[in-house]
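What follows is one structure encoded as structure tokens, with my remarks underneath.
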Amino acid sequence: MAGVSCATLLWRRDRPRTTVAVAAVCAVAITALGYVVTVLLLGALLVALYSLAGRTGRGTANLCTAVVIALLAGTALLAGPAGEPLVLKLVGPAAWLLLPTSLGTVGRIHAAYLDAVRARAEHAERTREEETRRRVTEERMRIARELHDVVAHHLVLAHIQAGAAARSLRTRPGEAERIVGELADSTSSAIRELKAVVGLLRHTDDPERSPEPAPGLDRLPGLAASFRGAGLAVTVVVEGPPAPLTPGADLTAYRIVQEALTNVTKHAATGAAEVRLAYTRDLLEITVSDDGGTASPSPGSSPSPGSPSAPGAPPPGDGFGLLGMRERALSAGGRLHAGRRPGGGFEVVAELPLRR
């Protein structure tokens, strides 16, 4: 019987209930026949109960343990030695068999706790990796928008100025010299802004080196002047008392105006654009529009910068400008709409919150 009980322990991990049943039957049979329950027989039953409690629910383990105690105690009462006290016949089996069940339950709870800790750690690691990937993607998009806005704006102006200088070189050398001077200023400004962007990307530890402040609406007059120098008549209208913006919203507003005017210069068959800043209690509404018409050139003047007939007109864009403006507006908590106007022309309307 002891051998059979010990042999069934080989399947205690896969079939814990069967192992307990076989060990219990062997122990009850030995007790009923009047023999002494040996250490091997009792040990096999204890190990089987421990495995059962560690691999099944608490209810199943307690029920099986209670059944085994009842069987052994009942058998001991009926077939045990006559002189043995009744308390020992009842308390002995219960004390021995409750111990492995309790230890197995504690082990199962501890294993479940460790599994939960490992699961939480793995989830936290996955969350950290996903957050890192999200931040890297957002940073790449931010850098792409910044580089696009800086490079596209200055290259478009340089392209138009170079074309205008080439057209005026023979007939109006003085005008061509003036335009070449503006072209040099445009390229110098482009280099400065590119250096500022690259400086922000380089995480320098030099405390004495402070990055150039990001542009904002305070530079709007200079921006409008640069477009006027390229042949685009820019009108700036401010409605309502100007309210301070956060640095991020200020940069967003400036870049939206810059990109919208760049698009007018590249694509619109007009020589005029209007920038309207409307301040309300909670919002700044930015509207950049053109009338879509062709400016009437004066005798000897060059065609409009965005006109398809202009020799220096830039090639069509790739559509990243509108996408970048929308992304900027959304990142600042606002929204942006771009489309054709009912009366002709094109407009970009952005709404940015003043407080966020």
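Note: Cβ is positioned from N, Cα and C throughout, glycine not excepted.
All annotation found in TrEMBL is predicted automatically rather than curated by experts.
It should be emphasised that the depicted structure is a prediction, and the values quoted were computed from it without experimental measurement.
As recorded in TrEMBL, the features of this protein are as follows:
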- 20-49: transmembrane segment (TRANSMEM)
- 61-82: transmembrane segment (TRANSMEM)
- 252-355: domain 'Histidine kinase/HSP90-like ATPase' (DOMAIN)
- 289-356: region 'Disordered' (REGION)
- 289-299: compositional bias 'Low complexity' (COMPBIAS)
- 300-317: compositional bias 'Pro residues' (COMPBIAS)
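A Cβ distance under 8 Å defines the sequence-distant neighbours of the transmembrane segment (20-49), meaning residues of its chain 6+ beyond its ends; these are 1-6, 8-9, 12, 61, 64-65, 67-68, 71-72, 75-76, 78-80, 96-97, 99-101, 104. For the domain 'Histidine kinase/HSP90-like ATPase' (252-355), the mean pLDDT of the prediction comes to 76.
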